[in-house]
Every structure is written in C-alpha cells, then in structure tokens.
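> This structure is in structure tokens; I'll ask about it shortly.
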Ligand code: UDX
Ligand code: UDX
Ligand code: ADP
C-alpha cells in the first residue's frame, strides 16, 4: 500500500487529501498539522473549513484510508510520498519584507522530514512557493540526512475557495514538475499514478521543476491581471457614460479573450492573488528584471486604486465628509459563500471610511465578529501572525459594530456599501431599508449586486462601480 502524508491541514491540504483518499482506496493518506485544534476539528463533525461536498468525502474515508494526526514525525517517517501544504505568507520584516514569501513554515517542515526519514521519499510542494524553492528544500534535505534519496516535485494546486471539491474532482489540469533525471522521472510517474485514478491522462501535465513553480505564480497573476484590467476600464466607463458590464460582455465574446474573470468589482481579495504577484515582483527584481517587476506591480496598484476610488466616491457623494455618519457595510468576506476574509477589499474600504471618522456597522453572513475586528486592527502584512497583533485602536473599537442582519446594519444609516457579492443581498427589501435610513439615502455597490434603476426609483442615490452615474454624482468633481 502506498502511504501518503500531507504536512499542513489547511484550505489546500485538507480537501486535496480527502479527494485523494476518496478516489484511491488503495492508498493510505494521513494529514498532519502542528495545530492540535485543527486536527481535532478534522476528526470531529465540525470540520475546520466549509466546502460543499467536503463533509461527505471526509465521512466516507475517515478511519479507513484517511487519517488526521498531530504525530508528524511518525507519519512523515512512514510515508512514501510527502505533500507539504503549509502556509507561505508574505514576509513582514527583514529582507524582502512586504514582497518575498516567508518560507519559515516550509523550512521547518523540511527539517522535520530530514530528521525523521529512514527511507527514500518523494517530497511534493503543494503550497505556492517562489521559483527555485525546490532547490533550497533539496539542499536542506540532502545536507541533513545521509544515504536517503529525496525527489522533490512541484505540484501546485489551482483550486478556488467555494468550489474546491469540484476543482479537485474535475481539474482543468494537474501540473507536476520534477527533475529531468531517471530518478526524477520515476518520481513524477509515481505521483502521476496517484492522480490517474480519476484525472484523464491528457490533463496531467509534466514539466521541469521551475516551469511548474512559475506556472502557478503566472496563472494567479494572469487571473488578477484580468480583474485589474476590467477595473481600470470601470473607472473609464464612469467617466464616459459606458457600462463596464456591457463592455466586459462584448470584450469577452472574442474567443481569444473569453468571458471569465472579467467582472468589475471593488477589487480582488483572497489569500493568493496579491501574495503571488508580490512573489513574482520580488523574483523579477532579484533577477534584475525591473521592467517586468514594474509591469506586475501595476496589477496590485490598480487593485489598491479601485478600493481608494470607492472610498473617495462614498465620501465625496456624502457632502465630502462621513465624519460621525453611520455607514452600513454589507459583506466582509473576500467573495461570496465563504467566511474567509484574508486580503478582502472590505478591510481597506472600512479602514478608509474609519480614517474619515465614519461609524460603521458591518453585516456578513459568514465572517465572524472576532475575525472582522482583528482584520481592522491589524496592519497590512500582519494577518498571518496573530502574535504580532497590534492592539485595537480605541477609535476603531468605538466606531465599528457588527450587525446580525442587513436591516439592522442599515437602520438610521446615511449610506450603505455592498462589498461582497452574497446572493442574499440581491433579495433584500430595499424599500424597507430606504424607509429606515437617513435621507438622502445612498447606496454604493461594489459588486454588481443591485439594479441601480430599481433603487433610484425607490429614492436612493446610487453609485455602482463601472455603471453610468446619476446626476448627483455627475455634478461632483471627478474622482481620481
Ligand atoms: C488585430 C486584432 O486581432 C483584430 O481583432 C483587430 O480587428 C485588428 O488588430 P491584426 O493586427 O491583423 O489584428 O493581427 P493579430 O493577429 O491580432 O496580431 C497582432 C500582432 O500580435 C502580430 O504582430 C502578432 O505577431 C502578435 N501576436 C499575436 C503575438 O506576438 N502573440 C500572440 O499570441 C498573438
Ligand atoms: C484563486 C484562484 O482562482 C485559484 O485558482 C488559486 O488556486 C487560488 O486563488 P480564490 O482566491 O479562492 O482562488 O478566489 P477567486 O474566485 O479566484 O477570487 C479571487 C478574488 O477575485 C475575489 O475577491 C473575487 O471577488 C475577485 N474577482 C474574481 C473579481 O473581482 N472579478 C472576477 O471576475 C473574478
Ligand atoms: P493553505 O491555504 O495554503 O492551505 P492554511 O493556512 O490554510 O494554508 O494551512 C496551512 C496549515 O499548515 C496550518 O494549519 C498550519 O498549522 C500548518 N503548518 C504550518 N507549519 C507546519 C509544520 N511545520 N508542520 C505541520 N503543520 C504546519
């Protein structure tokens, strides 16, 4: 029986291993983590993450060929194939701070592998890492244990949150990079055999190590770039009277361009896009490619610009000040159907409004109060390091409240900002919301949730990203 051990029971490791166990009954899969709570949750009825279909997969395999454990050393030492799926946040201090990936967790995992291995291992990079990480890991492994052959493979994961199980069951492609030596090819084949249990052969791509590592960064950078491109056009649409959704539809009809990832928004969020682009920028700079680095930096700059532009629209529409005014914020998660708030644009928008001294009342169907308060109190690059948390600023504590539903959030508010595309925001009784708000009542839609015409008919003044402005906003000075 082939034995697989996965180090890191997070968003990527957990679902990926559940699917491998489900599709490969002949393989024993053990997921290990340093977090006792996380492992306890994976062993309980309340899994630590929600993905549709994940519960079923775990229930079918747990205790048979899928196990969750904190005994890292034992399971690493017994495994033939070790996946490493630990977190790789952006460095917050020292060389490359704010750009380079923090590989501390990866290095620790590699050192454990070196310490406990007594037989040859295939070590698989699952977390997104900078190009050439495999080389560094190889050095740690070979310099720390003698007589053992390690083959490092890069097998980046392309799943998106909310559709993790579908993405794993029917991936567009599985990418495996390895050394171009006989041992390297053998290791690639061993991993290919695992995926071949359910993925058609023509969807399993094999490349050299560096191509696989770089492809993951490039894929995320391209996706984010499409969003920044359409968001840049959204600003131009507002200035000219075009509608960005009509433009995106027309542009996306070109089969060379395609329709996906062209939805204008208040900005992209999530744990991957910004981090991976920063990574790309950093490795470009390290290789002396400053023009390339600057090109990719623009994708993040447009994303920041879009969030600032939104805040400026709110403030300028409301007589140039939101000081002391209640603003309802609907949605805090980085996209619908998740409680994940990592890098959500809502953080920057709320902070922008708080800087202008607004009072904000936030409602999100899934993000927790604790998480929201922590996000607003944390400095930009500190999210993954709870120990470095800054104390919540006294102003923010007083000025942020969490509401149980959208109606409570909107009660007596001057303005309403929609920052996540939750379906339930489409179904709200906006007449009721209008009746309970201060007048004039403003709606600022960052996610194409409402029909501006319907809301204008109720009496709202509406700003919707990339859509034609109503006369109220048109008469204001242009927002840069
Ligand atoms: C282009 C658009 O394709 C067309 O829709 C529009 O109406 C007019 O402009 P054209 O200029 O004829 O058409 O050529 P196209 O085939 O798009 O190529 C333009 C340039 O891009 C060429 O120099 C081509 O070599 C280059 N190219 C194209 C690449 O370098 N890489 C590619 O992947 C595609
Ligand atoms: C992304 C990639 O899609 C996935 O392949 C990779 O493995 C991890 O990163 P994820 O972060 O889960 O997945 O979410 P995704 O659905 O890609 O959305 C990212 C952000 O872009 C969200 O904030 C979303 O609202 C925004 N977005 C997406 C847009 O603003 N417009 C779009 O058209 C699409
Ligand atoms: P991702 O989105 O990449 O899956 P997560 O942050 O969700 O990232 O999960 C990473 C997991 O890796 C966390 O549960 C963390 O506790 C775990 N982890 C980090 N370092 C180690 C390590 N050295 N050994 C075992 N688990 C680790």
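Cβ from N, Cα, C; glycine included.
It should be emphasised that the depicted structure is a prediction, and the values quoted were computed from it without experimental measurement.
The feature active site, nucleophile is assigned by TrEMBL to 272. As annotated by TrEMBL, NAD(+) binding site applies to 8-13, 33, 38, 86-90, 127-128, 161, 272-275, 342. Per TrEMBL, domain 'UDP-glucose/GDP-mannose dehydrogenase C-terminal' is recorded for 328-452.
Looking at the shown structure, can you explain where the listed features end up?
Within the same chain, residues at least six positions away from residue 272 (active site, nucleophile) with a Cβ under 8 Å of its Cβ are 128, 220.
Taking the Cβ of residue 87 (NAD(+) binding site) as centre and 10 Å as the limit, one finds 16 other Cβ atoms among all the protein chains shown.
Averaged over the domain 'UDP-glucose/GDP-mannose dehydrogenase C-terminal' (328-452), the predicted model reaches a pLDDT of 89.
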> Within 10 Å of the Cβ of residue 274 (NAD(+) binding site), how many other Cβ atoms are there?
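I count 22 other Cβ atoms within 10 Å of it.
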> Can you tell me the three-state DSSP label for residue 274 (NAD(+) binding site)?
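DSSP assigns residue 274 (NAD(+) binding site) to helix.
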> Would you count the other CB atoms within 10 A of the CB of residue 11 (NAD(+) binding site), including those on all shown protein chains?
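There are 22 such Cβ atoms around residue 11 (NAD(+) binding site).
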> When DSSP states are folded down to helix, strand and coil, where does residue 90 (NAD(+) binding site) land?
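The three-state answer is strand.
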